[in-house]
Amino acid sequence: MTTFGAVAEWRLPSLRRATLWIPQWFAKKAIFNSPLEAAMAFPHLQQPSFLLASLKADSINKPFAQQCQDLVKVIEDFPAKELHTIFPWLVESIFGSLDGVLVGWNLRCLQGRVNPVEYSIVMEFLDPGGPMMKLVYKLQAEDYKFDFPVSYLPGPVKASIQECILPDSPLYHNKVQFTPTGGLGLNLALNPFEYYIFFFALSLITQKPLPVSLHVRTSDCAYFILVDRYLSWFLPTEGSVPPPLSSSPGGTSPSPPPRTPAIPFASYGLHHTSLLKRHISHQTSVNADPASHEIWRSETLLQVFVEMWLHHYSLEMYQKMQSPHAKLEVLHYRLSVSSALYSPAQPSLQALHAYQESFTPTEEHVLVVRLLLKHLHAFANSLKPEQASPSAHSHATSPLEEFKRAAVPRFVQQKLYLFLQHCFGHWPLDASFRAVLEMWLSYLQPWRYAPDKQAPGSDSQPRCVSEKWAPFVQENLLMYTKLFVGFLNRALRTDLVSPKHALMVFRVAKVFAQPNLAEMIQKGEQLFLEPELVIPHRQHRLFTAPTFTGSFLSPWPPAVTDASFKVKSHVYSLEGQDCKYTPMFGPEARTLVLRLAQLITQAKHTAKSISDQCAESPAGHSFLSWLGFSSMDTNGSYTANDLDEMGQDSVRKTDEYLEKALEYLRQIFRLSEAQLRQFTLALGTTQDENGKKQLPDCIVGEDGLILTPLGRYQIINGLRRFEIEYQGDPELQPIRSYEIASLVRTLFRLSSAINHRFAGQMAALCSRDDFLGSFCRYHLTEPGLASRHLLSPVGRRQVAGHTRGPRLSLRFLGSYRTLVSLLLAFFVASLFCVGPLPCTLLLTLGYVLYASAMTLLTERGKLHQP
């Protein structure tokens, strides 16, 4: 029994009350046991609006489970004529409003492990075979249309429609219409299935980002699971698309009929009819293949997901997509309608600038897109070998097979490339870029989702990429080459000492180092860089059409067998004929790879230096420092970078990732061992006499060292630093946060008076050669003052200035930790019935013994110095 099957009887309270009032209005009394009977008996009661008002009231007063049970009963009992009025409200109440104010059922936060009851109810209600989809098909059979505001579409689509330029996707063809008031209030006339999927897809974009404090795992939320279910249902890897649910036996939902456009549009791409209509025109017997009636749902689902999730990029990218042929067509259209009655309310420049607001996809958005790409690869690779071959492309091929063959290049490739470029250029330089990286790498490896994929190889012997994937690599050359160069530029600006950043470099290097993949990419670049063969007619038709738009069953010219021409058409279709291509295996990219290899070597040494410094600090040193008996570190410790709790395990992971990444880069670009060894030797020359702390990258000029761009980057990111020591009077250093300001100033005045009053006596005591002289020198002489000098990477010179004599420093008594330790000592002494005076004497005696021992050790160390 399902969740909704447990309901034995359903009553809508408001309609039930209405049936009780009816006998007061009519002489003949009648009792109705269901709202449906009352609605059918009294149609003049305006049942649809009354039903909507009742459902709205129940959504506030009733529990969520009861609301869903009521909705299931309404969908089953009421006809489509009455259900179409509640459909827009129901869709908005589920997915939230388009402006993001209403969150609806909050599918992005609903998780089965947190709210198991609500989760199961929602998943059953919104399942592809559930009640909500049954309502969609019920309305679909009656050919109802619903208005969707153009203003909530992605920026590029909205701007082009407001300019009366038809977007390249056939999803918008014959759907744009004006509102009765005119102006810019444009709407799309969508059928119920399109309206539902539009809201479902846009709820990922329009809703506000999840708060940071709310820890929600995207892969466990209801929205993510629903996306996976819809993709598995409408883009099946096995079998055909299940037929739609219907209230009548054997009934099916018709495909959307063509609509007459309400306003004239110019197109900046070659658009054609939908897949279903094109397929029907080529088939002699349509009824023989039931899938031909339903393939439009799969096509619509994919188009909506791609348009809503990937159609986001900057104004510059929008202008770059316009081919010369398209611009001439748009210009001719504008000249022809310049004297027409209709003129856009916004000038052209304003319309193009209408979507310049920055769009930054969230990590959740990227994870959902990655799920789409992984499923599309599995969907496209589910073709049988005889179906995937070019010779199988005939009129006998089913629409679903055609859809599998052309789904990725026809619908996804261009918009995904622009989306990835936008992410690579605008995503913050932090560890969250991992989501974008994995999305990109998932698209680059379709062989991982093939049904005949090999067993994963070990790390020492990765599996070889089969030659059958060479066409995919060549047809997606820019995905591999240009985005790889973009990743190199990002990696050179990140802190590779961080394990998360080191992992990203390792992941990319590992994917591109798969055997035979680098050779395929290099072969594709060679095909593109070959001298261009002039083919006037074909070249104009393909190179000037920047988008793979329209239906993939459109009558294109015969397929060109020349591999070089195919690669050129791919690059020019995405970047234009005037693009400046940077080869991945060219000198510019190789220079970036060498810089990255140098940065990896530096990051390994930096991580090792941090690990060594942490290991050298003994436990007892921190305890004495807390008690205030250790020397004050006036220059601070090495804080090279802001690692997340850097420890030995993190250092080990970083070193492992960087070591393997360096080896993979060497394999991909055939770097010699001598080149990598040169980086290590050059790194050793910049170390100081301790062999640990490294100076930033510099060159020696006439006035000393000059920072290189790499050196500036190292300082900004905390990878390197110059060792700057405090050379002034330690007593005049700024007051620390762990010191009492008023007490420090009082102690400074007291010690200054003592030093001024007894300077001669202290100098005489320190000049003695016996134990008393050593004891006084240990306490009255600044330990590092005599050896202070100006540090310079080029040379060293002693500090010019007068020599200070022995002095007394009482500043350590102004520290909170010193006072707390003294109070703690007095408290412990009081527990043993020791008074303040005896305790003071004991502390003084203990310190004298400690100082005497340190004096002897210091003098013995000086005797052994050369």
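First residue shown is number 1, and so on along the chain.
Every residue, even glycine, has its Cβ placed from backbone N, Cα and C.
The Cβ neighbour count for SER169 (phosphoserine), using a 10 Å radius over every protein chain in view, is 20. Residues or ranges marked as phosphoserine in Swiss-Prot (evidence: a large-scale study or a structure entry): SER169 (among others).
Taken from Swiss-Prot, the feature phosphoserine covers SER285 (among others).
In the three-state DSSP scheme, THR708 (phosphothreonine) is classed as coil. The phosphothreonine feature in Swiss-Prot is assigned to THR708; the stated evidence is a large-scale study or a structure entry.
What Swiss-Prot lists as phosphoserine is SER792 (among others).
If you look up Swiss-Prot, you'll see 822-842 marked as transmembrane segment, on the strength of sequence analysis. Same-chain neighbours of the transmembrane segment (822-842): none, counting only residues six or more beyond its ends whose CB sits under 8 Å from a CB of the stretch.
Neighbour count (other Cβ atoms within 10 Å of the Cβ, all protein chains): 13 for THR708 (phosphothreonine).
SER169 (phosphoserine) sits 49 Å from THR708 (phosphothreonine), taking the Cα positions as reference. In the three-state DSSP scheme, SER169 (phosphoserine) is classed as coil.
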